[in-house]
């Protein structure tokens with residue numbers, strides 16, 4: 001039991017509403033420290049989590065020359081300097097290479113290595129996240145979160161000070177409650193140091209998604225659960241806790257904490273309101289979880305064995321030494337609400353108009369007579385002009401629709417095959433009939449930005465924001481600026497992904 005003084009100190013930190021700039025004086029980790037459970041890992045690409053922190057939040061690497069830059073808060077305790085990233089990455093692509101630990105323990109997160117499962121990058125590593133996939137504002141100031149696509153993950157297998165064995169710990173994360181899937185496993189927290197499944201109870205991490213292979217909550221999900229290894233748990237039962245609700249706030253606070261034969265799940269709208277407790281009780285009723293056998297590595301976006309099929313968005317999170325009180329966590333939630341997370345535009349460059357017919361012209365020298373078209377389900381570039389046949393003009397024309405998965409972006413419906421849309425499948429663009437599934441909608445949603453070569457637009461995949469419409473050998477792909485596929489070649493990338501959009505031929 002925390003002394004009343006500690007609880008009051010934690011509350012005063014968060015609720016005193018003494019402000020500098022846009023954020024209250026105390027950060028989440030100041031509040032945890034006041035409550036007697038200090039942060040041993042503190043990760044955020046959006047803001048400082050200590051009032052005095054002015055060091056780097058994250059590192060980006062740009063595609064044009066491989067140079068890196070650290071992005072720090074605008075001021076101590078403040079919001080990230082997104083303008084510094086925008087300037088550094090102007091006219092090229094950028095990836096998030098390091099998410100720095102603000103606790104001083106050096107528990108930085110970097111590209112996850114292979115483990116029980118291999119990632120899609122060379123040598124089995126996971127992908128790195130786009131630096132622009134998750135723009136937000138905090139108190140009106142722009143920042144970027146970490147948009148985790150399937151195959152993307154970060155890890156630290158040599159963390160310092162994190163809980164091991166049955167030692168107590170707490171953790172929270174601010175996530176996008178609308179970005180998830182049912183694959184394993186979008187986690188943040190404590191995992192195995194070997195990147196392999198070493199048995200029941202060897203993890204304690206926040207999970208978010210609608211996976212139903214192990215435990216579930218009420219409704220159809222998504223749920224906040226705990227990945228304790230060899231199971232996603234919503235409570236003491238390995239199967240179901242009806243008290244763990246489906247929850248999908250755009251900004252979501254997720255909390256998991258555990259100590260000897262006790263653990264809890266809590267959650268809230270990160271933009272307003274207070275935390276609710278969805279489970280508080282004994283460890284799971286099956287063997288291997290009492291006592292726990294935590295190993296102390298840190299993961300983001302993946303499972304403990306590097307299962308990397310999940311997706312989600314991470315804005316900030318911490319891990320603590322000791323089991324935080326509800327009062328401390330309530331004060332942290334008040335701080336998160338005071339940060340005023342809000343959405344920001346996913347698009348830039350020349351505007352598109354929903355309902356209009358467009359054609360997309362290549363800008364690569366030597367290919368400027370070619371437009372995005374289709375031959376059946378194959379999407380390619382073809383030479384099109386005002387004197388082309390009506391059939392070809394229709395094949396090279398697309399109706400702009402509101403994004404099927406995100407209304408801030410767009411989907412492109414065929415003019416000559418109504419009901420069929422451009423979508424990527426295995427990163428090859430194809431024309432397919434809308435089957436109404438969540439997966440189709442996500443694969444068929446694209447976000448235009450100012451063209452990387454200074455002309456027109458580059459068309460970015462919403463669910464894989466490192467990937468863009470690219471023509472390669474006159475076939476269309478969702479390509480990244482460097483990668484394992486031949487169509488990811490860096491040569492001519494900026495030209496190949498830039499398109500001049502005009503009124504449709506048909």
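Note that the numbers count up from 1, one per residue, in the order the chain is shown.
Positions of Cβ are set from backbone N, Cα and C atoms, glycine also.
Owing to the predicted nature of the structure, the values given are computational and were not obtained by experimental measurement.
Swiss-Prot annotates 227, 230, 424, 426, 427, 443, 471, 476, 496 as substrate-binding residues; of 153, 301, 304, 355, the candidate listed for that same site is 304. Residue 447 (disulfide bond) and residue 476 (substrate binding site) are 16 Å apart (CA-CA, integer value).
Counting every protein chain shown, 29 other Cβ atoms lie within 10 Å of the Cβ of residue 39 (disulfide bond). Close to residue 185 (disulfide bond), meaning Cα to Cα within 10 A, are the following recorded positions out of 89, 304, 443: 304.
Around the Cβ of residue 409 (disulfide bond), the number of neighbouring Cβ atoms within 10 Å comes to 21.
In this entry, 227, 230, 304, 424, 426, 427, 443, 471, 476, 496 make up the residues listed for substrate, with the farthest two CA atoms of the set 44 Å from each other. Taken residue by residue with DSSP, residue 476 (substrate binding site) is part of a strand.
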